[in-house]
Amino acid sequence: MANIDERKLLPAHVKPSSYEICLEPNFDARTFSGRVKILCHVLSPTRQVQLNGKNIVIEKAVIEQEGTELGLQEPVSYNDLEETIEITTTEELCSGSEVHLTLEYSGQFNEKCVGFYQSSYTDNDGLKHPIAATAMEPTYARQAFPCFDEPALKAKFTISALVDDSFECFSNMPVKQAESVSGSLKRVVFHETPLMSTYLVALLAGHLAKTQSNDARIPITLISPIGREDETKFSLDLACKGLHFFEQLFGLYPLPKLDLAAVPDFASGAQENWGLILFRAQNLLVDPEDSALDSRKNTARTILHEISHMWFGNLVTMKYWDGLWLKEGFANLMAWIATDKFFPSWTIWDHYVANDLQAALELDGLRSTHAVEQVVKNPTEAKQIYDEISYNKGCCVLKMISHEMGEESFTQGVKNYIDAFQYGSTESDDLWASLEEVTDLPIKDNMHVWTKKSGFPVVKVNKRVDEASKKTFLWLTQHRFVASEMTAGTDSVGSSHTNYPLRITIKSESGLDTYDMSEQELEVPISEETWFKVNANHDGFYVTSYSSELLVSLIDAAAKNKLSLRDNVGMSCDLQRLVASGVNRTSDLLNLIIGFRHSSDYLVWETLDRNLRAVQSAFKFRGPKITDGLQRLSLEVFGTKAHELGWDVEGDDDTTTAFKASMFSSAGLAGNEKVVSAARELLDARVNGNDRSIPASLKWEVFGIVAAHGGREELQQLFNIWKTSQSEDERFYALECMGRTSTPELVQWVLGFSFTDDVKGQDLFVMLWLINSSPIGAIEFWQWAKQNWDKLVERVTEQHLGYILELLIDGLGTREQIADVENFFEGRDTAAYSMTLAGRLEHMKTRCSWSERDEEDITNWLVNHGFTDRSHQSSTLQG
């Protein structure tokens, strides 16, 4: 682990107190100009003032000390590597004095949608409208204005803009004054902000519509492109409820207004700028008559996540980016809690177990994972930890604490923390101290294991009989789970002696029993022959491995509906993880899939589908005997269920609709003829002018099925929908599903849009999301990426480059492909994506070992169950 002394921070000679910022966009030239005046306090004598700046040119600099202008050495010094600007005075700045630093500068709008940039949209009349927008997190404020761009260096900001007088203009605070200045320009000045970090500064200007609600304590406004106002109601109503909910828990929101804005071009999903939250349009706007349940769920959680940041991150901020999890883990947890409150029918905690928990366990099960609290040395490293560890594991360990403390005590401890550190900056130990004020639990000691060390344990469960007393016990042992090392034997697994503090909850016929496990072993006396479910409801952050005897009895209990939905889903996910790592065999997982076929729970079936797709992905280069057999298995299991449920969703509740849609997709992708035919009929009606022919909940499914089984004509139809549809959801469903195509020529046709104006850089990863799902698609994608890697690096943000790299490597899985990936990146500058590269390579090697290890096992299972025969010849596909 890196040492905190290696961190690259600005010199501590001066500290900012306030900023006055004025920005002026020039859309025709794709440039902007700016002026910033920073009030600083001198903490120690110096002649150098160093602050952050990137891709901006200082045209004039003035430094005044106590009202006297100082001489400056020319020229201004730029350090592109460290993203700093240094200005040197001819006289010394005196300790304790006040200094005003005034800089006039210029910059260019960038294509990556970071810093200060240009967006646009086309209205219903075909008119194109430019928009000026910002995206500052984590360290992009320095591309919009010179600043002290570290989260702990909080200051107050007075923001203004020179814009066209027909524009609406928004920032963190309300407008203080607006006045015409010359020609068609106006200057808009906003009220001063409270103390806040540079990454929270926001500005938005353009021809935009406002929809306001007064149902909250303060005005809440939803900002959208003109013509999209009818898509604001769901989000505006939820924002009012969400703000009230969080105010009741954590105190009053301190700003006089809250705006939520849908930005047509936005690199991330959303950003929690204080007072002006910016979203990708698809994450905020909801068609009241044509939106899928998954879309509404995503929008709800995104809105609530961002509003909770008004306290977690904005009011109380981490000192540096290694504390990222303090705001993101909290915001994730608060989003789950609030979503469950407002939409109880969604049974959101079941989806937490199936999704966020599993995403965290997957990344944290790698040797190359990182701790929740990892020392971050520089901005490049900061951008790489916006991942499942900071967001999802952070959320999981906080949920675990809440479960152990009790929700009421946990909430009170968190409120104490916010009250104690409002407008300040904190470290994790500040939170643990606040929680320990309201509980006797050793929160700090326990949480240091979970946040300062990587990984999680596998808890092995066996029965043991004491020969002397003849008593029977459950014998539990814990070791760190590392997916790539489990087959080497427990004792050889590195870090196996980390004892994770666990609250073990065991469910059986007699009810629930809870035990604290702080050592490597735990014995639990049992008095009856029954089933035992360890980690009931999956509140703990660990994987459970049962002996064969206990696993069989547990599956039997599940078949008799004795387990909760979370137990069934979590048990299935645990088994898939153990199979992939070599603890169990693939046949165990396939037996579970067959055994759970009689379940009536949508989420169980969704998990079975995901697990079978994981098997198909691991074995997709192992020849037709296996791949065709798995396809037949999928066709029988999901085709049967799809026809049982049907796909007419009119009048169904949300859960039934989602169940039908999921099985329709699985059966169609597996090649069920009736489902494929139905999908084609629905798309034909859509392209022939019936915009409502496809129910919202089936659009992604229909598009994916048609792309997988269609040709150039069908792909062109999807591309036309992407270009012309007025529905944000429909457009992105079409773009994503184009990647389902599976012939070399069609894959290349799709990839051909990557560097055109038809697909913006911010949307490229969406188009590539599914392109690795077939062996041919994965190989063509990789060959294309090798030829175009430098262009990708130039076109997309570091975060999106990480997404694309993950998609690339996750599509591959043979020894030859592993060597090819390693050879390609050897000698390249991988600093911007080193963590992703290491993690996905490790995952790729684990996947390869899985397919090699269990090739005979899975073949025998498929033969014995009639899904393949021994006449098929093995033929590993290479690329």
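Here the Cβ of each residue, glycine as well, is placed from N, Cα and C on the backbone.
Nobody curates TrEMBL annotations by hand; they come from automatic prediction.
Noted in TrEMBL for the protein shown:
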ACT_SITE  E306  active site, proton acceptor
BINDING   H305, H309, E328  Zn(2+) binding site
DOMAIN    15-200  domain 'Aminopeptidase N-like N-terminal'
DOMAIN    234-450  domain 'Peptidase M1 membrane alanine aminopeptidase'
DOMAIN    531-845  domain 'ERAP1-like C-terminal'
SITE      Y391  site 'Transition state stabilizer'
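Shown here: features listed in TrEMBL, placed on the structure.
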{"residue": "H305", "record": "Zn(2+) binding site", "CB count, 10 Å": "26"}
{"residue": "E306", "record": "active site, proton acceptor", "CB count, 10 Å": "25"}
{"residue": "H309", "record": "Zn(2+) binding site", "CB count, 10 Å": "25"}
{"residue": "E328", "record": "Zn(2+) binding site", "CB count, 10 Å": "25"}
{"residue": "Y391", "record": "site 'Transition state stabilizer'", "CB count, 10 Å": "22"}
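Comparing Cα positions, Y391 (site 'Transition state stabilizer') lies closest to E328 out of the recorded positions H305, E306, H309, E328. You'll find the Cα of E306 (active site, proton acceptor) roughly 9 Å from the Cα of E328 (Zn(2+) binding site).
Residues E272, E306, S308, F312, G313, K327, F330, A331, N332, M334, A335, Y391 surround the recorded Zn(2+) site, their Cβ atoms falling within 8 Å of the Cβ centroid of H305, H309, E328, which are themselves excluded.
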